[in-house]
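Trainee: Below is the structure I would like to discuss, written out as structure tokens.
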Amino acid sequence: MTNARCLVWSLPTLLFAASATASTSMPLNMTKGVTEISQQVYQLHMTIFWICCVIGAVVFGIMFWSIIRHRKARGVQPASFHESTKIEILWTAIPIVILIGMAIPATKTLIAMEDTTAADVTVLVTGSQWKWHYKYLEHDVEYFSLLATPREQIANKLAKGENYLLEVDRPLVIPTGKKVRFLMTSDDVIHSWWVPAFAIKKDANPGFINEAWTRVDHPGIYRGQCAELCGKDHGFMPIVVIAKDPADYQAWIVQEETRIAAAKAAERELLAMNMSMQELMSTGERVYQGWCVACHQATGGGLPGIFPAIKGSQLVLTDRAAHIDIIVNGKPGTAMQAFGRQLSLKELAAVITYTRNAFDNNTGDTVQAADVFAVQQGKGE
Amino acid sequence: MSAITSEHDDHAHDHKPSGIKRWLFTTNHKDIGSMYLIFALLMFFIGGAMAMVIRLELFQPGMQFVEPQFFNQMTTVHGLIMVFGAVMPAFTGLANWMIPIMIGAPDMALPRMNNWSFWILPFAFLILILSLFMPGGGPDFGWTFYAPLSTTYSNDSTALFVFAVHIMGISSIMGAINVIVTIWNMRAPGMTWMKMPLFVWTWFITAFLLIMVMPVLATVVTMVLTDKYFGTSFFDAAGGGDPVLFQHIFWFFGHPEVYIMILPAFGIVSAIIPTFARKRLFGYASMVYATASIAILSFLVWAHHMFTTGMPVFATLFFMYATMLIAVPTGVKVFNWVATMWRGAMTFEVPMMFALAFIVLFTIGGFSGLMLAITPADFQYHDTYFVVAHFHYVLVTGAVFSIIAAAYYWLPKWTGYMYDERLGQLHFWCSLISVNLLFFPMHFVGLAGMPRRIPDYALQFADFNAFISVGGFLFGLSQLIFVWVVVKCARGGEKATAQVWEGAEGLEWEIPSPAPYHTFDTPPVIK
Amino acid sequence: MQAHRALVSKLLLVALLMFGFGYALVPLYEVFCEVTGLNGKTSNTPAAMLVDGVDTSREITIEFLARPNKDMPWIFKPEIRRMTVHPGEVHVMNYLAENPTSQFIVGQAVPSVSPGQAALYLHKIECFCFTQQQLAAGKNMLMPVQFYVDPALPAQFNTITLNYTLYDVTASWQPETQIEKIGE
């Protein structure tokens, strides 16, 4: 019987060992992870797994023994017993004892997981359809983290890369050896931030904050995904965390602060500048591919009944001010977000110009950073 | 009692209108039972076709056949149809057919309501399925329709979804009331509570669960409706609501709902195992008590679906312990079945094969359920394919296998002919192998980190998913054999005797096969 | 038949009561949350000023977070990121709000505290989140919250995070009720 069960367990393994081709091989068990907590979780998982295996082996063993021995074909006469208080009490009591034995370590680990006090670094994680936003509370560093896998790979037009669907443009960076606390929240629907290597899975609820923490001992790149169905592109909002040793982390923070400050300064300069149509269109296309394509599609045709088309849109073709406004301020109550706070002035100007001229819209006009800035300041056309 | 029934047989004038009118206006429990069962089978294939779309898209990484939006609609409607359209109506059909006969009643207590509760169902599912063809598509928020994805962020089919769920709920509640009143008031003289077959007992308890929780489902869909269209904010933080509240209310319904779909299965298996082991069910009383305690516990464990929503430690611990406790009465049931087999004289006709597969595979689903109860580990399992594997083991190799077993077990009684045993065995073995090829690897995929409800996945999951899809297609095809067997059996074959199975005991085996249109107009005498 | 009718009406009553119970879960949940801190929401009624005394032996760090939701164009931030307080001390903390758009906008701030149970011990005497806030185009204002930490705060908590998510509720805003309030 145990053999039969082993066979059932190993059957898929064998089949895959045989069919293991060039693609990355998949682990067959839960990851041990890279934190003390994740190892405890793995231990709990293995303990309960083996308990189940032993119970299964005993119960199924008796059952199959009975199936083999007590068959009519062997000419046996059925027995007539149908009750035994003693044995019934026994098989109620034994599972209770096993369960208590299991509950104790589970409780200990759970309490340790929930202790978010005395953190060294705190990151506010905000989910939105369909990207993550990270904000370091101790520093002026915040940014969005988007899927970096090109749409062509998803559409099978290009060969898929090694980290297909598990790569982002800007990963989260945390220091090793420090207690990092995550505060989770959401801008729209419920998302769930999951990094298996840390054994963290916590829902990001709109309007509420949740907490989780980790302490990673070794530098490395750890990947995860959104775990709660959050709409169309739920499968396309991965998480990448890079753990760096504290010195590297500090250097990275400084570099990010400088980068963000420089970008802000550049914004001011932009206001006086006129960008060429060509520059706007090429930047705009890049922004469109990253931020707009999920809903409005590569053709600009949207999805009928859900996401409006940009191609031939009356709003785009006839009302330039409204076009700028809807991109900067969004449309409340719909999936159209206020991108004014998410993108830089240059990116906004570029993507508006792009959508005004791509998809046969051909309005021929450009939108400059100053035009966008004016709308942001409430002084639109 | 046999004297009474044979006297009945001699009547041979069944007073049934012919043609479509018979089915539209019937108040006969056997007709209604048959309609429920045929409807459930139809829904099983429609829901199954959607599962095939899902598996086709997941066959390879990348998007090949459908858009992510449509993929989500498929997972949502597949779940809704299988839960409310296939499994629940199938059990209601079995209840309609068998409960009056098993307790020696002439019909269900409320035959006209019975007709209604069936005939509103097709409309509910017509609305649900047609909503897929709306401009924005059908419901795409998962069968659990978590707010605010189902409120602020859903498409316009939501109103239809809510309407359809209301109709399904009303149908279920009417059906449940009928079952309770029938069992309470119409048992033949001498059919005391503790003499009732376990199938009757489990359905009696299930019906109470239905009456308790289907109204709560109605409440929560109504809240979704008013949040979306009428400006309330039960689940909208901006208006003072809380999206997590949705999950509490939903799972207050949802967890007992899980048991609604498995308790009647326990009853079926408890009928089949003794028949083919030719030995009385071991621990009848403890079976009844275990069923009742599972039903009561099911109201205290709902939040184990919500461990990642951020509950305080004490609440998490409470729900973890309560959930682990459910393993005890469930274990008692499995032990009782094994003890029933022990030193019996077993034969292995198709119903027995499915019942045995049920015990093993449902127990595997129970094991993964126990693993899921361990909260720290649940943080890793939650919303992955491990969960998908778990509930498909419980619902497909559990609930669905028990329904198939029941169909084979009672088909000779329904049609008067024996089904084709060789085809039935072929159906069993094809199903058993393919269902495990389909769902077993999902455990590994989940442990390796693949989230559920995604239309595309990282390359490491590719081999397993291709394999799972093949298993899925095979399982889907295997079910066509079942249709073949049923049709063949309905059209003729070897005549069935009244008792049908050598070891069968109970009132349904004392009336002729096929069961006459009217049974027990005069109550039988229970020895 | 009579027996059927009595039983059916009882069962229908159960079903009806359960439908009502579904709705009753909403206030029940709120009460339950207020008692246990289940969802980390602070009470939305002012707390009494009455305090037994200041516990200078303990220091609690309060972190302030502010997030305008994605459709809310206001600029919204806390004056300072964190403050250290003794349990029992009353403090005032200001949030800055600015409406940079050309439209009148009404905002509603929704508080959330983490860890959730600490919400029971963070008492607000006055808070801008108790009412809807209005800002004309281009205007800004300081929005105060006056609070103290309950000395009964269990020892395991030494940091409390108070987050406000600010929503644009202009669409559902009813001017009449606001005028009444101004008249008060």
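Backbone N, Cα and C define each Cβ position, glycine as well.
Heads up, TrEMBL stuff is auto-annotated, nobody curated it.
What TrEMBL shows for this protein is this:
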DOMAIN    B:23-527  domain 'Cytochrome oxidase subunit I profile'
TRANSMEM  B:36-56  transmembrane segment
TRANSMEM  B:76-97  transmembrane segment
TRANSMEM  B:118-138  transmembrane segment
TRANSMEM  B:158-186  transmembrane segment
TRANSMEM  B:198-225  transmembrane segment
TRANSMEM  B:258-276  transmembrane segment
TRANSMEM  B:288-307  transmembrane segment
TRANSMEM  B:313-332  transmembrane segment
TRANSMEM  B:353-374  transmembrane segment
TRANSMEM  B:386-411  transmembrane segment
TRANSMEM  B:423-444  transmembrane segment
TRANSMEM  B:464-487  transmembrane segment
Trainee: Under a criterion of three or more Cβ pairs within a distance under 8 Å and sequence separation of at least 6, are the transmembrane segment (B:76-97) and the transmembrane segment (B:258-276) in contact?
Mentor: yes
Trainee: Rank B:36-56, B:118-138, B:198-225, B:258-276, B:288-307 by Cβ pairs under 8 Å to the transmembrane segment (B:353-374) and hand me the top one.
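Mentor: That would be B:258-276.
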Trainee: Out of B:118-138, B:288-307, B:423-444, B:464-487, which stretch touches the transmembrane segment (B:198-225) the most, going by CB pairs under 8 Å?
Mentor: B:288-307
Trainee: Counting Cβ pairs closer than 8 Å, which of B:118-138, B:258-276, B:386-411 has the most of them with the transmembrane segment (B:288-307)?
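Mentor: By the under-8 Å Cβ criterion, the transmembrane segment (B:288-307) pairs most with B:258-276.
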Trainee: Flag the pair the transmembrane segment (B:258-276) / the transmembrane segment (B:118-138) as in contact if three or more Cβ pairs fall under 8 Å (sequence separation 6 or more).
Mentor: no
Trainee: Looking only at the domain 'Cytochrome oxidase subunit I profile' (B:23-527), what is the mean pLDDT?
Mentor: 94
